[in-house]
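Working notes, structure below.
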């Protein structure tokens, strides 16, 4: 059994008695610096008369009140409580002993409980946290998804619904998760006992969704690694039609080949390299027959997961250092590619196509659906990552400012990526004597691995640009993988600390192995079809539904007032009316709008020339429900295992528990 020691400090509030005044004054001067450091470490400064310098005023009034994270304050019940009673009050709830209070003066006793348990890990620097959050939010979707959706939904006109959805939906959710994680200092599973215990299944659902993402997301990085290794050649392999994988329809269409005519049946060397050499989808007829595992991609993915393991196995102390490279290098490459793209002939055509507003499209519901979905998946609330990252922050860290900064950087990066992509698309349209719309028909990974790869092959110093571009793709993906797995690791370590706390390295190793084995189906000849299926069904609808329940649990069950009081305790100010309205009403409507839109207009899933048959839609929904089912299943389990009548069980299941394990408690007592 671990033991707990009690550290007693006293602060003078009135003139001291004749015998004890000088002695107490000297003790205060000697211990003042030590007390201040201990109190700062615990994230709370305690002043005379039991008033915390940061927190709601009602925390310290009344006979005995408790802040929702377990901080306790108490005041004497009657003037008859003398020093012995004060000491007893101090020692009773905590099991410690009080100090003797000299008679003749009113003084305040502050009893601080400390634990010999290993303290929670924290970020080495504030920038480690910021770069980790930015690296998580800025991922591959910022580079390929946003530019495509922007031009498809009215160009510059799309920025209006995008910004509105960000301000009223995305950023409030982002801020809420950072505040929850920082206040309760718990992962996405154990945090629910401090918010609304019956919703604990949300945490398990989030972990399953994170595993599904790891099954397919890292495969895209394996493709990029294959391209990167193939780039270390004088002639890039996707520039010629004389390779073993090429067909008769392959036409080498370089900027110098003015005599080559481009038709609708023509395929570029880059397209055939991607589909026939890297993916080898021509060897699989569809999802019903995936074929063998590509050993080249299997080795590439093994290398990716090896990097991931040694980056996160020790915790945020190591991953916080890695993101200094993986989160900053993509911005350097984007800047280089932007400058290079702006100097290419026809670049202005791409920029015009990207930003030219089509205001009539704003009347279409699809534009608003795409804007809501894009900002949600770009910022990434609901995946447990923001909760995990924020839980390693100091208690008084300004997470409000962090939320605004990181979400703004994310949106600006998406906007910048559009210029990087469309300057090159304009260049490709100029080369082929086609419209930009015809060139930009491919969305998703094909936009990067076919169109952009071919454009790079036409540039001077093509090998250099290919190397830095695919390095950027890998690093954009690594950041998000670090974050996604850290969310799972933090959740499991906080939920089962006695089993896993001292075995983190082995647990991370097992988790990485599970992710690798789960990704094997995406490495087959038909693996690209599996990636598309997971992307459309396994994660999107499930995580949006989970976040909807999360917002309802925090705003309606835990209570917006209580949540805002928690923020005031941390940051020293009460959230404004805008944030409270967003959390209570706008964010739930925002998420419900996306869910209903998805159900009303299910996406038509198609990849290359393969149309997904109806049974794959049922399979996709089953994969999505397999994670969400944890929420109602845990509700039933929790109610069945609780004691008392059904009403008592229900009341207990929605009553938050104090998080005394994560914070040290203070009992402030006025003694005469």
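Glycine is treated like the rest: Cβ placed from N, Cα and C.
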Feature transmembrane segment in TrEMBL, mapped to one of the ranges 368-392, 643-667: 368-392
Neighbour tally for residue 241 (disulfide bond), based on other Cβ positions within 10 Å of its Cβ: 17
Entry from the binding-site residues list 378, 480 having the most other CB atoms no farther than 10 A: 480
Rounded to the nearest Å - Cα separation of residue 378 (Na(+) binding site) and residue 241 (disulfide bond): 37
Residue 241 (disulfide bond) and residue 138 (Na(+) binding site), Cα-Cα, nearest whole angstrom: 35
Any further residue of that chain within 8 Å (Cβ to the Cβ centroid of 135, 137, 138, 142, 378, 410, 476, 479, 480) of the recorded Na(+) site: 134, 136, 139, 141, 380, 413
Least buried by Cβ count (within 10 Å) of the recorded positions 138, 250, 476: 250
